[in-house]
Amino acid sequence: MSDITLNAAAANPEATPRNPPVATTGPIAWVRENLFSGWLSTAVTLLLGYLIIRSVVGFVDWAFINAIWSVPVVNGVAQTQSCRELHGAGACWAVVTEKHRFMLFGTYPYDEHWRPAIVCVLFVALYIVSAMRRFWNWTLIPIWAVMLTLIGILMWGGVFGLSYVPQERWGGLPITLILATFGLAFAFPLSILVALGRRSNLPAIKVLCVLYVELIRGVPLISLLFMASVMFPLFLPEGMNIDKLLRAQIAIILFAGAYLAEVVRGGLQALPKGQYEAADAMGLTYWQKTGLIILPQALRLVIPPLVNTFIGFFKDTSLVLIIGIFDLLTAGKTAIVEPAWQGFGVEVYVFVGLIYLVFCFAMSKYSQALETDLNRHSRR
Amino acid sequence: MPGAPAAGAGPHVMHNNVLGHDNDMSAAIETGGFVASAVRTDAPPAIVMDKVNKWFGALHVLRDVDLQVAAGERVVVCGPSGSGKSTMIRCINRLETHQEGRILVDGVELSDDVRALDAIRREVGMVFQSFNLFPHLSILENCTLAPIWVRKMPKKQAEELAMEYLTRVKIPEQAKKFPGQLSGGQQQRVAIARALCMKPKIMLFDEPTSALDPEMIKEVLDTMVMLAAEGMTMICVTHEMGFARQVADRVVFMDRGEVVESGTPDQVFNDPKTERLKLFLSQILRGH
């Protein structure tokens, strides 16, 4: 098409470029071309259209029109009779209305729920600040230090008139955010070092990094968590005990580190050799070359698989339920153990799933924006 | 046959007798070229390669290479592909390591000593066939990176310097752009400016025009001629025979890892002594 235009222009320089024929552009042309281009595509369009409309209508009926949003509570026991009479025709959001505080904060003392609530807000604020490229420098380190201290003070208490809350009582969303945030914040730098180490010329470092990646990647996360919770204390001297959450946290960091290291290594390998040589020829030191030339390009290349792994690990934190840590998903599961609420799992899991979705979708969208932004100038 | 002329007639030209080799050709420094020679035979040689050998696995890619380059001398290295010419100049700043023999650059011997290597790389600029600009940095940042981080120059001063060299390669207006937005010829000129920003004593060119479209070759060669006219010590691997005639003090012909012949452009192109050089010349002339 463009060739023809060019030729026409070349043949007659006076000719003004013409617009394409109306019938080939615009929404109607698009619909005709993409949805109704033949009898088969028309049939598929109609069938899929019917299925989509039906399921959307069904969901809206269930989730909104027939839904029950609250039930009366008599003597501390929820009267869920009305919900049960729906026989699944409508959602019983009353379980979320009644139990959302338990799902979000677990067994944290009820009167102190404002503390984990603020912690969640602080985490989100921390994510937003860290996501802004304006803060991608040394200021990020004090910001994280201050935020994490604040989070620690709020969760534990015991100072500034806050009552002490032992770690065993923490639960719900803050646990998920703590595990995911610390997990990835420590695993990411670790993975970069390991990936660089795997390409090192020093055999000892290389072997160490290969061993670490292969050993950790070769076992399931659940077995690592078990080891962290059951076996690890056996190796500690008598009387010394490391917090169970911290042990799970370390297991997650090590596990995520091994996976991310392979992603980062992929980026390092994708860079043309000439980039390394040009940096060497200039006389840059190894760390200057790595920090200024190699990593900025390699990490850009692997943003999609990197964020893929991040999202995976955000959700994998829910595996800590296996060692009895009360994360968001465990709290949701526990909320419906109560006899009155048994049988309303769907609503609870939809609610919990929605929270995971919000975080993961935000990560996904952010990574797309970052990718476009960073690659704007460096198309090769 | 390869060994005989190498040992006897001294085809590896030595401009002074540091290593005790023949000196028969040093008087024949080119005088008829377009660019006046700036060879300084009084100063110590910029580069000395003494019986350098290198293998890639079992493949013997450099065989007893002897080469001395005087300060201010312009040497053009030519030869068929796979003859080891790129490997040879990549040994000079240790992008490749040699296994036998000695290489001295600006009086410093190349070894595993990292500090000596850093010192050498600061003084040796390199221009690659594939430009190797850093695509994530702007043209200006590409040029200021090494002065700032290696020479510890203040940013402002480095930027002024970079603009000066970008002006000399005639693309100051592209400073804010990124490498991907420039043509091949422009990118290669940026690469030359980037190397010059380190104020190197020696410039190495590894087939700088081989990846360029024909209409862009001239602009890069012009830049290199300008550099040659300023008295820069240059070693250039290239097939551009016109360029060699115009600027080279000496042309070195390599084949199968050996320096087979070397002399003034006139001697090498018009009066080839070996069959291998004759064959090579007939092939590239047919190609042109």
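Heads up, the Cβ atoms here are built off N, Cα and C, so glycines get one too.
What TrEMBL says about this one:
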DOMAIN    A:173-367  domain 'ABC transmembrane type-1'
TRANSMEM  A:35-53  transmembrane segment
TRANSMEM  A:113-131  transmembrane segment
TRANSMEM  A:143-165  transmembrane segment
TRANSMEM  A:171-196  transmembrane segment
TRANSMEM  A:208-236  transmembrane segment
TRANSMEM  A:248-268  transmembrane segment
TRANSMEM  A:348-366  transmembrane segment
Positions whose Cβ lies under 8 angstroms from the transmembrane segment (A:113-131), at least six residues beyond its ends: 101, 104-105, 140, 143-144, 147, 150-151, 154-155, 157, 162, 165, 170, 172-174, 177, 181, 362, 366
Among A:35-53, A:171-196, A:208-236, A:248-268, stretch most in contact with the transmembrane segment (A:143-165) (C-beta, under 8 angstroms): A:171-196
Within-chain partners of the transmembrane segment (A:35-53) [C-beta distance under 8 Å, separation at least 6 from its ends]: none
